[in-house]
Amino acid sequence: MAARRPSPPPASPPPPRPRSTTTTRTTSSASAAPAAAQRLVAMAGSGKFFVGGNWKCNGTKESISKLVSDLNAATLESDVDVVVAPPFIYIDQVKSSLTDRIEVSAQNTWIGKGGAFTGEISAEQLVDIGCQWVILGHSERRHVIGEDDEFIGKKAAYALSQNLKVMACIGELLEEREAGKTFDVCFKQMKAFADNITDWTNVVIAYEPVWAIGTGKVASPEQAQEVHAAVRDWLKTNVSADVASTVRIIYGGSVNAANCAELAKKEDIDGFLVGGASLKGPDFATICNSVTSKKVTA
């Protein structure tokens with residue numbers, strides 16, 4: 001697995017390497033693909049299709065009321081888990097008006113019990129207002145706020161201990177992908193989670209290549225599948241075959257109503273973590289219902 005290197009992102013600057021190196025890498029991955037596919041076909045996550053909507057630092061009381069109304073009116077497939085993550089200050093508004101069909105997540109939480117930590121929100125407080133999920137390790141927390149792998153892993157452990165379910169995010173920067181380090185970066189981030197998590201029942205892994213978040217670029221279905229399969233294989237080797245076969249691995253990075261169906265067809269893509277498109281009720285519903293594409297290929 002260490003010898004494999006991911007294919008470069010679409011429409012990105014060419015990597016600063018000779019063309020022959022890129023060709024060799026692609027050929028090597030292609031020759032290894034059939035064996036990997038045969039090994040992992042039966043290992044795709046066994047839970048329901050999962051779609052999370054990360055609203056980030058967006059919205060007003062008025063716009064969120066409209067979005068919730070759109071979501072309440074949407075017809076969603078029965079075999080998909082749907083979760084939305086409003087900004088902290090709107091969680092209570094969303095919880096009180098959103099259909100029970102859709103669960104609610106926070107976008108972050110503190111590493112431990114509450115106290116003298118100005119500006120932070122504790123897991124206990126989130127549970128107290130009825131929050132069921134939390135997103136941890138998002139690239140904007142890693143690369144804008146400066147949270148490191150160890151800190152994020154400990155956050156995950158504490159959140160789980162307080163009965164929050166966790167969307168655990170991993171993903172590489174553009175320069176890391178171009179340097180052939182995608183797997184190294186993702187596996188390092190996975191190790192920080194694995195070092196702290198003892199029970200994966202309430203964990204969903206979200207692969208979000210940083211170069212595809214909010215950029216309009218999206219990993220091809222083949223690129224996303226390649227990383228998802230590698231992460232599942234890593235789980236089998238480093239955690240357990242049972243976790244590898246049951247945990248859901250979802251994709252995030254400029255997912256929208258137009259590209260979700262093709263991505264959903266891939267064996268190891270168990271759903272999506274959606275950013276901008278989750279702010280548009282009809283588009284988000286379309287993404288949730290892309291589970292029908294998964295049924296076609298099952």
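We number each residue from 1, going along the chain as drawn.
Positions of Cβ are set from backbone N, Cα and C atoms, glycine also.
The transit peptide feature in Swiss-Prot is assigned to 1-43; the stated evidence is experimental evidence.
Residues annotated as compositional bias 'Pro residues' in Swiss-Prot: 1-18.
Residues or ranges marked as region 'Disordered' by Swiss-Prot: 1-32.
Swiss-Prot lists 19-32 with the feature compositional bias 'Low complexity'.
DSSP assigns K56 (substrate binding site) to coil, not to a helix or a strand. Marked as substrate binding site by Swiss-Prot on the basis of similarity to another entry: N54, K56.
Look at Swiss-Prot and you will find H138 tagged as active site, electrophile, backed by similarity to another entry. In this structure, H138 (active site, electrophile) belongs to neither helix nor strand by DSSP; it is coil. Residue density at H138 (active site, electrophile): 29 other Cβ atoms are found within 10 A of its Cβ, drawing on all protein chains shown.
The Cβ neighbour count for C186 (cysteine derivative), using a 10 Å radius over every protein chain in view, is 23. According to Swiss-Prot, the cysteine derivative annotation covers C186.
A sphere of 10 angstroms centred on the C-beta of E208 (active site, proton acceptor) encloses 26 other C-beta atoms. Summarising the annotation, Swiss-Prot assigns active site, proton acceptor to E208.
When the recorded positions H138, C186, E208 are ranked by how far their Cα is from the Cα of N54 (substrate binding site), H138 comes first. Cα distances from H138 (active site, electrophile) to the recorded positions K56, C186, E208 are smallest for E208.
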